[in-house]
Amino acid sequence: MMLPKSLTQGLLLAMLVGTAAMVQPYHLLSLLTSGQGALDRTALDGLLNTLVARVHCTDGPCEKCLSVETALALGKPDKPQLAPESVLESRYITYLSAAAALYLNDPEKTCKDIRAGLLASHVDDYLAKLESPEAMTLGLSQLLQKIEAHDASQPTREETCVDVPQLLEEAEEAGVSRSPGLVLTALLDHVLNGSCFQGLPSPQYFVDFVFRQLSSKPRNITLPELEDLMHHLGVGGEDHSDHGDHVDHSHLDREANHQDSELHATHNSSSSVWDTLCLSAKDVMAVYGLSEEAGVSPQAWAQLTPALVQQQLSEACSSSPIIHVQDQLSQAERYLYGSLATLLICLCAVFGLLLLTCAKCSTATHYIMQTFLSLAVGALTGDALLHLIPKVLGLHTHSGEVHSHEEESIGGQSTWRLLAVLGGFYIFFLFESFFNLLLPRDQDHEKDGPCSHGGHSHGISLQLSPSNLRQSKQPHESSRSDLVTEETPELLNPDTRRLRAELRMLPYLITLGDAVHNFADGLAVGAAFSSTWKTGLATSLAVFCHELPHELGDFAALLHAGLTVKRALLLNLASALTAFAGLYVALAVGVGEEGETWILAVATGLFLYVALCDMLPAMMNVRDQRPWLLFLLHNVGLLGGWTILLLLSLYEDSITF
């Protein structure tokens, strides 16, 4: 039976501000998942009062800067300048929960952000940073520890406190697993209900982890399993004597201890959520209730040893890459920088006009084009081999040590990721093969015999004649669809612009092929900026360098097909705009760290294909009256592209703004 909206709000308000009755859990989470109802001013005021009462700053009670008007303004994230509504709809409870989490984490800073009008943008950034599972676990653990520090009330020994696994489980039961909005809403429910929080695993968790790693069955550790454990830890030696009796006694002792540990096992200790959490020495001492002043006694050392073993076995601090928050971009910054980079790439299409406006300096244009061609080869191969492949394989480590067991764990997945690189290479091979099969064939080339290349195959050798901006005849050509053919009619001669029947489809095939290519480039740029701004910069540079000669070649090929300058420019620009579609798809989908890795793997295959199968043959097939000058320019571009990407790969961790 559907309750009236006013009655629903009244019941919700009673649950929020009632002091005598028991507060029911999950009321905000249920309201969010139902998509019905809203919070009025009275309900919000009671909610915020309860929230502020849970937080205590160093100088006493914290400022109540999170007002009702501020909360209602979160209901208009796209139009914050408009007057707030009288109620906060249920779908915006996610933003309210994120704002409350920021306030619980750092009340003073959040109040400054509210006064500066930055709360809405910081809420979006906070939700975006919790998207990946690793960031979710670490962020929630740190947040719960901050709540513990700011909470004046101390839980009793018998009280079971809320921890990270419980919040994730409640969010999964309510809707989507590991959704930041649902998890933070579940957290806000517990804050309002007066629950205590535990931001670190219990001591029993570390013992349970070791047993889970060694055996899936609830039994004692056997001698072979203990030997494997000691070998993994790098301790112990060869056993040259029979210790059967000793093993039997040890077996009995461990059985008794393990049965005792099973009695004290909790949900906190059995959850695998903590497996990827890297603990500091301060965290380990906090888990076992040890003060920094007193230090670790011999008795306490025996207690915390399982935590050290667990950290070694889980490789939480060695195999997991450290996330540098300063390198990550917020959602708004990803769209801004990604759009600017893609806009610069798309302007390459407009650059084709310079070929017409600077007809008298066509000699310089020819050599500039050849320099960019070699620079594109260097940038593409350099980005693929020096930056993208190490990132795809997880080799961009920020620690000084690389352990052998870490390399073994990466090995299997690395093979599949490298296979994705080959998949990207093969996909674009198939695309261009089918593209060439659909192209009309020139009758003159058919007379050359079965070994000749297709007549209008868009060969990559782009050689602009210094005399009248034409491409000269080449003995060899590759299959790149977005560069000029190797026929010799002059592009600017009006007599040669008569459309033959077999060329009518050529402009559209060129535009379609380039549109798909640019869409893939946009996906690569979007995934790169979703990772870090440094990866986005490197990928954008590589895409820009190879798009410049491509777009100029497209423009020349469209003119050769008989199109007017205006129409050729429009088609070239339209195909370039598909890069924005790929960019926004990659940014909007929110593929996460694992998805970004696979997209970058496929993009690596694309870069290698374009560089080695298209652009490198273009460099090798060019004939010029000044071969040594051309050789020098090719080397400058090739070595320059490699140098730029090498410096970026070596010193990217030292680059800060």
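Glycine too: its Cβ is placed from the backbone N, Cα and C atoms.
Remember, it's a predicted structure, so these values are computed and weren't measured experimentally.
Considering the side of the membrane named for each residue in Swiss-Prot, Leu74 and Thr597 coincide. Mapped onto DSSP classes, the topological domain 'Extracellular' (529-536) shows 7 helix, 0 strand, 1 coil. The stretch in 375-395, 509-528, 569-589, 628-648 that contributes the largest number of Cβ pairs under 8 Å to the transmembrane segment (598-618) is 375-395. Packing against the transmembrane segment (375-395) from elsewhere in the chain are residues 321, 410, 414, 417-418, 420-421, 531, 535, 538-539, 541-542, 545-546, 548-549, 597, 600-601, 603-604, 607-608, 610-612, 615-616, 619, 637-642, 644-646, 648-649: each is 6 or more residues past its ends and has a CB under 8 Å from a CB in it. On the 0 to 100 pLDDT scale, the model's mean across the topological domain 'Extracellular' (396-417) is 49.
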